[in-house]
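Asks: So Swiss-Prot lists the following for this protein:
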- 40-68: region 'Disordered' (REGION)
- 52-68: compositional bias 'Low complexity' (COMPBIAS)
- 89-272: domain 'tr-type G' (DOMAIN)
- 98-105, 165-169, 219-222: GTP binding site (BINDING)
Amino acid sequence: MSAPTTTKASASSSPPALRPLSSSLLLTIPTTNAQLVLPSVTVPAARRHNSTKSTNSTTSTNSTTATSKMPIERRAAEIEKRIAAIPLERYRNFCIVAHIDHGKSTLSDRLLEHTGTIVAGDGNKQVLDKLDVERERGITVKAQTCTMIYKHKEDGLDYLLHLVDTPGHVDFRAEVTRSYSSCSGALLLVDASQGVQAQTVANFYLAFAQGLSLVPVVNKIDMASADVPRVLEQLETVFELDTSTAVKVSAKTGQGVGEILPAVIKKMPAPVGDAKKPLRMLLVDSWYDTFKGVVLLVRLFDGTLKQGDKVYSYATGNEYIVGEVGIQYPDAVPQKVLRAGQVGYVFFNPGMKRIQDAKLGDTFTNVGYEDIVEPCPGFEEPKPMVFVAAFPTNQDDYGRLADSISHLVLNDRSVTLQKDYSEALGAGWRLGFLGSLHCSVFQDRLRQEHGASIIITEPAVPTKIVWSTGQEEIVTNPAEFPDPDDHRIRSATLYEPFVNATVTLPEEYVGRCIEICENARGVQKSLEFFTATQVILKYELPAASLVDDLFGKLKGATKGYATLDYEDAGWRQAQLVKLNLLVNKKAVDAVARIVHTSQVERLGRQWVTKFKEHVDRQMFEVIIQAAAGRRIVARETIKPFRKDVLAKLHASDITRRRKLLEKQKAGRKRLRAVGNVIIDQSAFQKFLSK
């Protein structure tokens, strides 16, 4: 591979094959607590954390304060006036990519302050992260965009910058991939204390495959554990990047941040486009607004877009009239026109009512030019990798919970939804997610934004069945997996999804991590030392191992130093069986799982032991079993309450004693045959919790 320097990668380069991903979490964009200002009056806005001062942290002459009180219309007009004076060659569209928790959102805050887009202050934390769950967890779930106007300190000219803050977790890589379509360059951010990690590697190759210009940035240089020379060596060794121009910053204190934007302007190309040509507009993202309908985030390659224009959708064939256009600054600011090279928002009048009509990767053009303008390459729809069933804790809350789930799914097209029913838990839904964290975030959002309490079953991966006739079937619900009595399953071939996993870790933990991967039925592909003490392990692993807390086991074995990244590797033939939990020989359908035959006995013993702890004693004996097909692999028994039927008898009446005991035994047997085991919903909640 001929790795890129900080200039644009050539088309002849041959990056590794990557799985294309696409749309991911979508959401409405509420107002942030950041103060929106105009870049007009100049004041210093350097960060002053802990009295840290640096000549590098001096801000651009764009910073402002008093204009925050300016009326919205005048504020928008001032911004539009400055943008109109900036030619296309002074546009720069770029994103920040890095491993999770390397400081992307904090650096975004400093850049917004440095350009005067928001007023500098200690309250600016994760300004572009709109969700409560993002702020609580300290992660970015949804890629966020912002337009900035920057006055270059060398030539004194205005530059129009479009920034995308991308997620770092592997579950949301589709957000990163889609963000690249609106960018011509990327800041490759690396933590000075952690160094290159798994998703740093993955994001580099994604950017390399897209031909983006890369600017390496080393963050957190103010930390006591920072080792900048080691990180620069890793960037040179692993990526063959020229680190002589790497920018060293502390996003927390603002040190060195002033050097980033000049590097962006110098090393990243301007977007290519022509405002005089017919409209050619790519749909990058969308979200639903109660009053406006579907709002589109778009990138204009050619032409202009303004209120009243009639546009045509290549994906649906529908025509729309533009109601409003604008930019994110960082909140929505209406504009009269969007030009080629810009990224902004648009909604229609009458509004687009169905989020399904906004197909990510769709191309729009002016009505009448649909046969002339060539559509942009689209995105591949993301494939859910993890499926769960969700049920209300109280069936009386079904309607309210249905509305809450529908509202979230409306703004998160990567979630698949269908109705489900369980004899044990009642009516519910079957949900598909991009990964375990995606599922967890969805559940947190449901509880925070709608106050919903739900029971969510253990995550499961899909299974492919190839029948003897050659017909294929994908099973996402274990309850729908054929019973062993079905003669067709005996001649069918079963497949499970696999992933190509990349694990980075310190050298001293290699042995333990290899053992964990081998126990997870992994196949080692390579082991590389990218520094004297850091190792990259590449394994082919079943996707089921990822939902079985493989990452948690790796983190535990390496004292938190291991990092994991993965991508789809297709289907592999496997020996699979459905594991059922039986209560008095009756299957609890909501708990069923499809597992590999090597895991049946271990998982079965765990099930019966844990479930016994949460089931109350009954008036009759309760037998809890784990069954793989027709074979019982584990059993626990809950003894019944015992009534002392001998209390009124004399000790010498042995015949009467025996008769009463036999009668009690027969009664219990009859009760067990006709009685229903009463299992409280809280028992399922506790059993299904980690």
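Glycine is treated like the rest: Cβ placed from N, Cα and C.
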Asks: When neighbour density is defined as the number of other C-beta atoms within 10 angstroms of a residue's C-beta, which of the binding-site residues Ala98, Ile221 has the lowest density?
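Replies: Result for the binding-site residues Ala98, Ile221: minimum number of other Cβ atoms within 10 Å at Ile221.
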Asks: According to DSSP, does Asp101 (GTP binding site) fall in a helix, a strand, or coil?
Replies: coil
Asks: Using a 10 Å cut-off, grab the number of neighbouring Cβ atoms around the Cβ of Thr166 (GTP binding site), all chains included.
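Replies: Thr166 (GTP binding site): 26 neighbouring Cβ atoms within 10 Å.
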Asks: What residue among the binding-site residues Asp101, Lys104 has the most other CB atoms lying within 10 A of its CB?
Replies: Lys104
Asks: Helix, strand or coil at Thr166 (GTP binding site), per DSSP?
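Replies: The residue in question, Thr166 (GTP binding site), is coil (DSSP, three-state).
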